[in-house]
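Per TrEMBL, the features are:
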{"type": "TRANSMEM", "residues": "12-34", "note": "transmembrane segment"}
{"type": "DOMAIN", "residues": "101-284", "note": "domain 'Tr-type G'"}
{"type": "BINDING", "residues": "110-117, 177-181, 231-234", "note": "GTP binding site"}
Amino acid sequence: MVGMTRRNGIQCLADAILLSILWAMLSCDIIATYHARKGIAADLAFIRQPPSATAPIKVESGLYRINRAPPLNSVERSDASPLVDLETTVAEQVAGEDDGSHMRNFCIIAHVDHGKSTLADRFLEYTKAVDVNDLQDQYLDNMELERERGITIKLQSALIKYTYPKDGKTYSLNLIDTPGHIDFNHEARRSISACEGAILVVDGTKGIQAQTVTTSMIAIENGLKLIPVVNKIDVDFCDFDSTANDLISLFDFKMEDILMASAKEGFGISEILDAVVERIPPPKIKLKQPFRALVFDSSYDPHRGVVSYVRVVDGSIKKLDEVVFLGHNLDAKVTAVGVMTPDLVERDVLKSGEVGWLCCNTKDPSKVAVGDTVVLKSSTKEGPVEPLVAFKSVKPSVFAGIYPCDGTDFLQLNDALKKLKLNDHAIVYEPCESSIAGHGFKCGFNGLLHLDVTIQRLQREHDVGVVVTSPSVTYICTLKNGKEVVVSDAAHWPEEGMLKESQEPWTNVTVRTPGDCQRKVMSLLHHMRAEFISKTEFAGGKSVVLEYKVPMIEIISTFFDNLKSITNGFGSFDYEGTEYRPIDLCKIRVLVNGEEAPGLSMIVQQDNAYKSGKLLVETLRGVIPPKQFKIHLQAAIGKRVLAAVSIPAIRKNVTERCSGGDPTRKKKLLDNQAKGKKYMAEVGNVSIPFDAYKAVLKALR
């Protein structure tokens, strides 16, 4: 009986093992079938073939499966060298490479959420540039705000080593991850200035976006070689053929030049890296020339001071060399040089063609400017040194006043803006003063997102609480004496009777939208006073590009949010160029008991003056605390009152103790109270609280 029980137990165990094996085999079969249906197998990679070549083996349009090495997630590359070898100097690393043939400098161009940061992560993982345990999503987006919003704000660089399989040689690839949002286009321009090529990434589910086209054209103008990549091919509704045809028509690519990838799944990574080696030209090496380098970015380190990120064009630089920053004629001694991995790793020397960093223990951020040229001090003694041709500075399009919540934080705000200016070249600021908010700064930005990100960085990175005025643009005012003045806030608006004509900025706007959302987008633009220029259809009308001329003030208000809403997130836009056109503008003043409150004045279009004035005084009535006398609030243009409201006085019952007797006693007390309130109204001041100022700004937005 015992033996039978034991045999039954062994039989049950064997059956369980057999069932487990069968279930595992069935699971693998299911997974393989799933991936095969999507055109992806676990042990297959993809290359691009013309649609005609794939006709006999229909998998998905334009996809041809071939036997290749397993993808990134299932096997590790054995020929990939680790990035950082702290025991090896740069001189040893590039020994025999003075011709620069084993170096490539490239950036990634893509629209927001098209997968450029994820693709950069796959590059770092594939080449073992970063330990797998340390790698996280959006690794190069090291700012907390970037990960929260899912966008790249600051350009980031990393040096990776890649062993090219066709010749077995190791190449040094300098990768720069660039922002894709229109407000941070200046960061993308700076990345382009440090590269010879770029990977053009397009989301196959959304197609080419307006900002991608603009940035790509800038790259082409700067002589960069583009590598087109269609990303997200693992998604069911990815339209590769349509996206590829758009790339061909816009940039004159050939079909065989277009690569496909899934940055999320890790497919197509080796093909892209191979293309970087094959298609992007190496940098021109000029080791015998005197040292010159272009500063394309910078940051502030509490211990090292200002860290300048440079592209070395001529010669070489090492520790203890004496250099000059030509822009501010700053003499300094180099305390350290190195490369980005993306961490700052020191090296003995930086040579021509390389991208790296240097610091000179400079503590004043204003002394080091982005776009400056760094040269050896010894070369300046032989005569003037020609600076490198820097990228064009970006003029701000949106202006706003920034004031500290606590007036005592003005110096802290000043210091924080200096450090942000070092790291964000597009910020422009100058001191200003408000009768209500106190001392602050008038700042210029590239857009509303740029403004919002700057405020968040001030609060998080520098612990400075701020209040921001309503965004505005620059107007040109022609006075009756013929003089022209540029005005961006109500405080500097010409007095009534002095203004002859005012002009507002207009800009060329390119909107890309799905074809079925075209009518809604055109209606939105019509209500923004926009002027139609042209319409271009792509992919048989599935995607439409609209060109308009639009007032800048309309663009910086709520256009971006409205566009995303009516296109379900698929719409995008870009704007460039500025022209000024006449417009009837006026300044609304706020009067409190007959006295003007300058900090609450605003510039509005004459047609909207009544509506804006009424909104202004109604908002103030709800936030200004009542006094013991009546407060009159008026919105006026010159001497003409548009809207008026009153805040009743606080009532004190002075007759409370008079329970009976002669009524003349009560009348006397009430008369005395009325005289007192009249006197207080004549001599008393109404202080506008800061909360009222913030409430007005919120209402106007």
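Yeah, the Cβs are placed from backbone N, Cα and C, and that goes for glycine too.
For I233 (GTP binding site), the number of other Cβ atoms no farther than 10 Å from its own Cβ, over all displayed protein chains, is 27. For K116 (GTP binding site), the number of other Cβ atoms no farther than 10 Å from its own Cβ, over all displayed protein chains, is 28. In the three-state DSSP scheme, K116 (GTP binding site) falls into the helix class. For the domain 'Tr-type G' (101-284), the model's average pLDDT works out to 79.
Its Cβ placed at the centre, A110 (GTP binding site) has 29 other Cβ atoms within 10 Å. In this view, D113 (GTP binding site) is surrounded by 16 other Cβ atoms within 10 Å of its Cβ, with every protein chain counted.
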